[in-house]
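*Asks:* Found this in TrEMBL, in case it helps:
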type	residues	note
DOMAIN	A:61-168	domain 'ABC3 transporter permease C-terminal'
TRANSMEM	A:20-40	transmembrane segment
TRANSMEM	A:60-80	transmembrane segment
TRANSMEM	A:101-132	transmembrane segment
TRANSMEM	A:152-176	transmembrane segment
TRANSMEM	A:197-219	transmembrane segment
TRANSMEM	A:239-261	transmembrane segment
TRANSMEM	A:291-315	transmembrane segment
TRANSMEM	A:524-546	transmembrane segment
TRANSMEM	A:576-599	transmembrane segment
TRANSMEM	A:611-636	transmembrane segment
Amino acid sequence: MKLNNLVLKNFVRNLNNYGLYIFALIFSVALFFSLLTLTIDEAAMEEITTSTPMTALFSVGSVTVVIIIILFVMFANMIFIKRRHKELALFQLIGMNRRKIFGILLLENFIIYFGSLIGGILLGFFISRLLLMLLLQIMRVDMMVEMQFSPTAALITAAVFVFIFIVLMIQNYVFLKRSSLIKMLKLNKTSESTGKPIGKLTIVFGIAGILMIALGYYMSQTMFDRAMENPVMLPIYMVSILFLTILGTYITFKCSVAFVLNMVRKSKNGHVNVNDVLSVTSVMFKMRSNAFLLTAIAVITAISITAMSLSYITYYSTDKMLDSRTPYDYTVNSTEEIDFYEELLNEEGYEIDRMEKSFMHYNVATTEENTKVELDNLESIGLVIASDAEFDGFDVSENETHVTGTMAILDMFVSFKEGDPVTFTDDKGFERTVEVTKTMEEGILPAYLSFGMPVLVVDDAVYQQLAEHQPESNAEYEMPSELYAFNIAGGDNQEVFELMDDEENPEFTSRIQEYNETIQMSGMMAFIVGFLGFAFLLTSGCILYFKQIDECEDEKGSYKVLRKLGFSQGEILKGLALKMIISFGIPLIIGLLHSLFAVKSGWFIFGIEMWTPTLIVMGAYTVLYSIFALMSLGYYRKVVRNSI
Amino acid sequence: MLLKATDIKKSYGNKFNRTEVLKGIDINLNKGEFVSIMGASGSGKTTLLNVLSSIDNVTGGHIYIDGVDFTTLKDKKLADFRKNDLGFIFQDYNLLDTLTVKENIMLPLSIRSMSKREAEAQFDSVAGQLGISNLAAKYPGQISGGQAQRTSAARAFIHQPKIIFADEPTGALDSKSASDLLKKLQQLNETLNTSILMVTHDATAASFSHRVIFLKDGQIYTSLTRGEMSQDAYYREILDTQRVLGGVVDEAE
């Protein structure tokens, strides 16, 4: 019986423990490979990036995936090699030298990595097509996809994995070099849960950690408002918020959690039940020793949820954004141009709804409520005023006004709330005040005519009154006052656009074109960010799972004792379930809270809807994340069942 | 003389906070001798065994096995040394759960060039003597503690080392399994002429050996040789020494 035989046998029987690890590896290779294939496949790339040159985004995505994979693999490797110290020590005892042991590790890792590499590339080849279809679906591009196996992508993937392999081997080498035999033999006897009593300092820090996070949250909510007053401060605010929350998170894991759990423990006054033994007392110390890891996981969870939420907000808001900024199918510059296109389209059998509207620019007195920015202390700002007689669907009473085209991001400059008074002024004494009775996100003018500002619809009588008191125009150029637009009866489509899209035809802006550009841009962004988020979710979930396996093996003895004391499997598992909730829940909740506040502080830059897309992202993340908690619980169940 | 250790010192901690565990110990072990080391908790007996068996480094002093000082050897030489000359038995067996009993026992043979037949013969002989031949295909999880410890002993003996180091081999066993194991060790010690150095806190276990060395506070307190004594008389002698050594017998762990 040769050594390699035995080692292989040992490895194969250990494979059970490696199962999830190998799965995660294969999956990360597959993700990386398919992302790479998409980047390299010229046909696919051309289709994807015709209007949006975003190859760079894909490259950034791939690099990030590689970094995630490297960190994950290194961490998992460390857990596994520590887990196996007993075996490694035994090998040394029977007279293997370190080089030989290193050779064994090399062989094992070789099998794992290159096995997963091949598996991952195969899987990646299949899912790359799926992913491309998904991407095109997200970007709302209709196209049949043909994917070819890309040897270049396979080569790059292989190269990256060889690199990771080398890094791992260095890590293993250093571990072997640094740990003496006596240390390895004793490793299983020193558990990380050497409980130091909770001192006063812990309490102080525990409270400080929570306060720091709270302060960070508070600052994040007022950041943009303050930054409007003093833009130079924005980066300073951002850095201090990051600093506060990240350090606060670390201290929370290091001290606050232990401190809070200790209070729970104290409140029981010695009457700990089985749930407490298995969850509170166990987690309390483990959290402390894993504070750094948990901080990293919580922070990156927060970053990825935030990024996913924001990109999804953009994607999700596209339609509403267009309703607000580009309300008509086509906009041109004169009646003649509408005539031109009407003729053109009628020939092809398309009917159009013509829109020729007039409106005017008028001054609105600034008040504390409606103007956030000190616009050089202007007493009034120019906004577009429209008559309810001109625009369909409006019926505004004489002393009222409806505000259209409001967007969250505009609130930082001008904001009108229902009930606010609005005073029109010609800056020479004429004033007319009406009350805002309705605000809506939909716009009635394209953004380039309203300068991106809200448009106020007033009663025709008021409109006429204002028109009589036109202030003298002091602008350097004529303000636009006419809208020439048309909608396609029965809905616009790509064919109409292509009919009109000709260099010889008069210029126009098209809603469908703008829609495609926006949706492709935001779709691709959402796709890549989602992709990275998923890779991260997978790896961080695995790491927490491995940690739990590790703890489970350490605590095997306790389950045996508990069962000998007469506790049933169910009772023990209930306690362990509580432990899972704490161990997985706390990093998740902190991550979710961080991202919620991060999203809240700046979402309006990205779109119109916040809650729905954010909650969808968070919900999906939580569900997928919980799978790892359930898997850990499953592992515990197996161990508890076999413990006696 | 097979093993000769002179002025062994071992201390832990840093420059400012040192704990001396072994304060200069001299020990000799002859070929085929079975020696026990006894002492209260914290007397340094396990540390001594670790140091003598090359698991731990000494802070000072020299250890010669067959005239070779291994305290100065590099990893590769040291590994060869363990491979050929040393065998280990631990309190917690140290068996690999993923290998069968037979595979566990054969592990030390797997790293040397030995024909399959020879290896089989070795296994049959050792397993037969320890009475575990019928367990060969079982996994460590499926056998009792006594059987596991005999498996561990078989692994220590299979490559016919010069010395076997046993750290509380009976510590986790019931008295029946313990005396079974010790009888087997005694037998193997006689038939194979392998030296055994055993740390124990159990006077019964110690009474199987030729000589008992008592440690106190990192120094050798005294030693007892069985000579022509009956095992019973020897046992009582050991108990008496233990009593003198300090504390009640029951406290000696």
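Numbers here mean position along the shown chain, with the first residue as 1.
Each Cβ is built from the backbone N, Cα and C atoms, and glycine gets one as well.
Nobody curates TrEMBL annotations by hand; they come from automatic prediction.
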*Asks:* Near the transmembrane segment (A:524-546), which residues from the same chain, at least 6 beyond its ends, have a CB less than 8 A from one of its CBs?
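*Replies:* Answer is 20-21, 24, 27-28, 31, 35, 48, 52, 54, 57-58, 60-61, 64-65, 68-69, 71-72, 75-76, 79-80, 131, 134-135, 138-139, 293, 297, 300-301, 304-305, 307-308, 311-312, 314-315, 583-584, 587, 621, 624-625, 627-629, 631-632, 635.
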*Asks:* Taking DSSP states H, G and I as helix and E and B as strand, how many residues of the domain 'ABC3 transporter permease C-terminal' (A:61-168) are helix, strand and coil?
*Replies:* 91 helix, 0 strand, 17 coil
*Asks:* On average, what pLDDT score does this prediction assign to the domain 'ABC3 transporter permease C-terminal' (A:61-168)?
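*Replies:* That stretch averages a pLDDT of 83.
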*Asks:* Within the same chain, where does the transmembrane segment (A:576-599) have neighbours whose Cβ lies under 8 angstroms from its own Cβ atoms, ignoring anything closer than 6 residues to its ends? I mean 6 or more beyond.
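*Replies:* For the transmembrane segment (A:576-599), the list is 213, 216-217, 220-221, 245, 249, 252-253, 257, 261, 275, 278-280, 282-283, 286-287, 294, 297-299, 301-303, 305-306, 309-310, 313, 544, 547-548, 610, 614, 618, 621-622, 625-626, 628-630, 632-633, 636-637, 640.
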